[in-house]
Amino acid sequence: MSWGTELWDQYDNLAIHTSKGIEFLDKYANFIRDRLAIETEYAAKLRRLAKNYQPKKKEEDDNEFTSHQAFRNVLKEINDLAGQREVVAESLQLQIIQGITLLSKTLREERKKCLSNGTYLQQNLSSQLSALERAKRNYEKAYRDSEKAVDNYKKADMDLNLSRAEVERYKNIMTAKIQQSDDAKNEYANQLQKTNNLQQQHYNELLPEVFNRLQELDEKRTRGIREFIIGAADVESSVAPIIARCLEGMVKAGESINEKEDSYKVIERYQSGFTPPTDIPFEDLSKQDPESSQESHYNNVQSSHLTVKGTISANRIKKRVGIFNIFGSNKNSLTADGQKEDFSDLPPNQRRKKLQAKIAELQQKIAQETAARDGLMKMKVVYEANSSLGNPMTVEGQLNESEHKLEKLKIDLKKYQGYLERANQIPMASNSPQANRNNLHNGHRVSRHSNGSTEDNNEDGDDQPDDGGSLSRSDSEDNVAQIQNGHNNNNNGSSASPESGLGTSHTSLPGSGQGSAHDNAMGEDAYYETEMELLQPLGTCRALYPFEATSEGSIPMNEGEVLQVIEIDQGDGWTRVRRLNNTNGWDEGFVPTSYIECTLYA
């Protein structure tokens, strides 16, 4: 179907239709621009939302919970999702908006040319029709004048009163009018033929060509809109897989939340290490003197108050640091947050964690300062070998300063290791995870004093040795914290790696130099009695890979070997295990946790 053939007389309507078509194209372009603005605004708001809900610095302690970690992962996915919306907006701008703008400009220019050509053709036809109309009117007038002249001649020829000359004049007039009529007739015939030829060419060739060109432009516009709509959908679908992965990441983040693990972390964070208050004894005033009874009651109330208060709100109890502190003597300096230097104002469990974190921080600083010092020493050697590179004396001052910093850090490290060692000698709460790992002998809980003696917490007062003195992590967490970057910071010069046994191993003899002084003070009888009391196994483990013990405190194992677990991994990457030895009885030691697969008893 052709517009030139079917719509030969609809020039004005076609002009209006093509104009509306281009306006519709511009309307679709405005729609894409508005959508682009929405996508850009949506992406910006998503990024602002993720930024506003990023964890603050004061909330860093909560980042260990799986729910907080999952929420941080969700925020990352939200940022990625915002990035994909920005990609959609950018693609719409480059592929759709620019394409529509270019097409609209081209269609307007082509339509203007076609309409100008059509207007010119219409004007030519109108001019020819006007000329034909004038020729026709002239011919009609000349014909009427000739007929009138013929009638006048006939009347004059019939009138006998007129002279022969008068009759001849009327004859000449008739002849002239007839000639004029014939000329007008010929002119009219010529104009009619010319008009018909032009009109036929106009409606059969010239104007259909213009209309067909308009039809092509309109079809091009329609085809362009189809391509742009599909292109916009393709832009959206191109980012759909990435958006789907973002949503999958959110789902995985939600599935990674472990309520049991978070509950355990809450225990680890807020466990004070205090012992729950014991029952208040009945005081028979009739059998005691008033002064001793009153003093006993006061001591019980004070002890109970301190224990409960420390258990419930230990983290909220802070020593007041202010103007009054300058008038009193404070043997222990305070940190920036108002805590004591050795964190003695914190509950026992929290104090150990703070001290271990401080030791790890100092060890990291020592490693960094040691690396800097080594670099300066190498630089000095190079300068001494080639003086053109630099003056060795310029490095000397930096080396002295580095040595001073390193010495100060080592002193601080030794001091905090001493704090941690004294903190580990404090008995822990009976309901804490650390206390649950203490040894039980015949239902009695045993704890070690700093002087090497043992204390039985049961009522019958029987003394039992501490079985955990050789390899117990609870008595040597300070040694664990000292391991970093291969540096040994143990005071007695022995290896402080997890493989070293974190203290005196069962295979070490008392007084051989291994372990601390209070371990050696136990005596051989207590030592061998401890050796005979075996720890109850917590489960079993299977060796995934072979392991060769490289130092004292660790034991070798073969792939597939099944061992007993007697102490689980405390975060240092080592698990304490035991195997039956036909020669020496039981072998105990540490193996890497990543080398075994554990199955704990319920």
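The backbone N, Cα and C atoms fix where each Cβ goes, and this holds for glycine too.
So that you can see what the record holds, here are the features copied from TrEMBL:
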- 1-262: domain 'F-BAR' (DOMAIN)
- 122-201: coiled coil (COILED)
- 275-301: region 'Disordered' (REGION)
- 291-301: compositional bias 'Polar residues' (COMPBIAS)
- 345-422: domain 'REM-1' (DOMAIN)
- 425-521: region 'Disordered' (REGION)
- 427-441: compositional bias 'Polar residues' (COMPBIAS)
- 456-466: compositional bias 'Acidic residues' (COMPBIAS)
- 494-517: compositional bias 'Polar residues' (COMPBIAS)
- 536-601: domain 'SH3' (DOMAIN)
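Residue counts of the domain 'REM-1' (345-422) by helix, strand and coil are 68 helix, 0 strand, 10 coil (DSSP-based). Mapped onto DSSP helix, strand and coil, the domain 'SH3' (536-601) counts 3 helix, 35 strand, 28 coil. Taken together, the residues of the domain 'F-BAR' (1-262) have an average pLDDT of 91.
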